[in-house]
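Visitor: Take a look at the following structure, please.
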Amino acid sequence: MSSEITSISDKENYFLVGPGPANCSPRVLTALSSYPILPPGYQIFKVISEVKQLLKYAFQTQNDATLAIQNSGTGGLEAAIINTVDPKEVIIVAVNGYWGERVAEIGRLREITVIEIVPKKPGVFTFEELEEAIKKHKPVLLFITHGESSTGLLQPLKGLGNICHKYNCLLAIDAVVTLGGCPLFVDDWSIDIAVSAPQKAARGLPGLSYLTFSPKAVKRIRAIKTKPPFYYNILKLCDVWKCFDQHSPYYYTFNSNLLYAAREGLLELLEETLSVSCDKHKKLAKRLWSGLEKLGFEFIVKKPEDRLWTVTPVYLPPNISWAKINEYLTTKYQLFVGCGLGSYENKIIRIGIMGYNARDELVQRVLDKLQEALLYCQK
Ligand code: GLV
């Protein structure tokens, strides 16, 4: 058995330009390779409290209940739902792709009554249709994906929280692929629950999920009758993160290296500022879209104003398979673009220019190599 852990031949020149994880900076990778530290203790609490402060900045929130937990973005979504909703209660899941479908499934597994809605016209949901559904079904929570990386939609959210609150409904969002790359103002937009993860525009690595809960959401967490499973108990984890007065030094063993890396990625974001980072993602996305259009690619999302800035899915040209294009790009250039998920499997490729990879030269590189790959695949 060889000790080689990846087949990447040139570690300086490989590019994760799919839906994530994205590459992270040398600074983040250095942080990852620090010595693990022992929980509980002063050192781990220091990094935890710094990550919490940085997350408040990234989410633009003053929510006390802001924390990271140890699992994937999906784990964060599951934690958010099962800590705030009891079985048999009604929630609406606004489904615009794979991630919405997943949350609906999480809800059903918890025996929550899940009402799935889809947009009346292809594209983002209008607030009118969302309000109509809330009026009709009286859910305790509306879940919507901010950035649907499976289809490339960027759902507007400003004003939606106030609509939900008129009906005593919480607003929960999936911001996994938008945090740090597209504007998101948790407090100003009255969002009750936001879930994200480090490995996209937040410049860290997979293995954590980031969560924030408004005071209304915390009230609900305290009130639900069916307690969450041990590992997903947000109130207990909030005690480790000292979100409220109580501080428990230990609940489970956090991977301190991941926390160090997360802190470094979030610090990079703070140093750059959210507004500069988001503007940069938007500018690069536009450049990418125009290049893809010139190459003849068709977008799932037709209106540029509805498109996500971090991940762009486009249809594969007729008779070109995902496998062939992917093989060409990875073996020849170590360029990793993403495949389609769910009903889009084998129909699209997904290009992510985000986080540390949000750089002009990478947009150009992706476009040049894609053009080459198309010629190769058409032969
Ligand atoms: C992951 O977030 C993906 O969209 O594949």
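For all residues, glycine too, the Cβ spot is worked out from N, Cα and C.
What TrEMBL says about a protein is an automatic prediction, not a curated fact.
Sharing the features that TrEMBL gives for it:
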BINDING   ARG350  substrate binding site
DOMAIN    42-362  domain 'Aminotransferase class V'
MOD_RES   LYS200  N6-(pyridoxal phosphate)lysine
Visitor: Which of these recorded positions has the least crowded Cβ, counting other Cβ atoms within 10 Å: LYS200, ARG350?
Guide: ARG350
Visitor: What does the structure give for the C-alpha distance between ARG350 (substrate binding site) and the residue listed as 'N6-(pyridoxal phosphate)lysine'? Integer Å is fine.
Guide: 14
